[in-house]
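Step one of this worksheet: look at the structure below.
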Amino acid sequence: MGLIGEKLEIDFVISTGDNFYEDGLTGEEDPAFLDSFTSIYTAPSLQKQWYNVLGNHDYRGDVEAQLSPVLTRKDSRWLCSRSFILDAEIAEFVFVDTTPFVDEYFEDPGDSTYDWRGVYRRKEYLSDLLKDVDGALKNSKAKWKIVVGHHTIKSAGHHGVTKELLLRLLPILEENNVDMYVNGHDHCLQHISSNGIEFLTSGGGSKAWRGDRNWWCPEELKLYYDGQGFMSVKMTRSEAVVLFYDVHGNILHKWSIPKEPLKAA
C-alpha cells in the first residue's frame, strides 16, 4: 500500500470498517489502536488523512471510543464518524453507517454484544439517516458521487446481498445517479457492475476467505479475488480509474469509468 500510495501520490485513505478485530476497541486507551493502526500504516505515503466508517465488529466494542477526538490526538490521521460527507472537489463521498440497518444484529446477535448507544431509537435513526443521504446526493454538484459503507449491497462473497440495504439504500443510490458504492464486510476484493453503479468491495485488508464464493451473473461480475489486497481510485473530471492490487502490489483488475461533460441548459 505504501509503495502504491507513493506512486499515485494519494490524497487520502478510506477504510471500509471493521477497523479493529474481533470486537472493536475496549476504550480510548485500548492498545489495539496503536497496534492495529498507528504501528501498521507507517509508510510515508500513508501519512495522510484516513476516513473511517464503522463495521459490525466495531459495534461489538466501545463505539464511542472510535468516534472520540482522543484517538485523533493520538494519531492525527484518524477520523471516524457514523455518517458524514467528504467534499473532494470533483468528487463527493457520502459515508453511511450501515450496521444499524441489519436486523440480525438486533434480533439474533448470538454470543455478541453490540454497543447501540446513539442508535437506541433505531427506526428514527435510520429514517433520518436515509433522508440525510438522499438530501446530500440530491444537493451535490460534484462530478462524481461515491457512497461508502461497511456492508455489501451486491456481493458473491460469504455475506452476499444485504437485503436491508438492497431495499432501503439502493433505491436512493439509483435515483441519485451514484457512480460507485464502496464497501468491506466480505473478506475479498470484488467488482460488480450493475445498473450504472460500480459495486466495489475492498475487504481484503487482513483476513481473507479462500474459496468462499457464490454464483453471480458473469456479465456483472468483473472481479472476484478471494485473497488479501486493496484498491485505489484516481479521478479526473472526465474519467475514474479503479485498480485492485494483491498484497505485493500486482494489479489484479483495472476498470475505467468515463464521465460525460454536463450539457448546457
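Using the three backbone atoms N, Cα and C, a Cβ is placed for every residue, glycine included.
According to TrEMBL, the features are:
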type: BINDING; residues: Asp18, Asn56, His150, His185; note: Fe cation 2 binding site
type: BINDING; residues: Asp18, Tyr21, His187; note: Fe cation 1 binding site
type: DOMAIN; residues: 6-188; note: domain 'Calcineurin-like phosphoesterase'
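Using the Cβ center of Asp18, Asn56, His150, His185 for Fe cation 2, the list of other same-chain residues with Cβ within 8 Å runs, in sequence order, Thr16, Gly17, Leu54, Gly55, His57, Asp58, Thr98, Thr99, His151, Gly184.
Tyr21 (Fe cation 1 binding site) sits 10 Å from Asn56 (Fe cation 2 binding site), taking the C-alpha atoms as the reference points. Of the recorded residues, His150 (Fe cation 2 binding site) and His187 (Fe cation 1 binding site) place their C-alpha atoms 11 Å from one another.
Within 10 Å of the C-beta of His187 (Fe cation 1 binding site) we count 22 further C-beta atoms, all protein chains included. Considering only the binding-site residues Tyr21, Asn56, His150, the Cβ with the fewest other Cβ atoms within 10 Å is that of Tyr21. On a Cα basis, Asn56 (Fe cation 2 binding site) lies 13 Å away from His187 (Fe cation 1 binding site).
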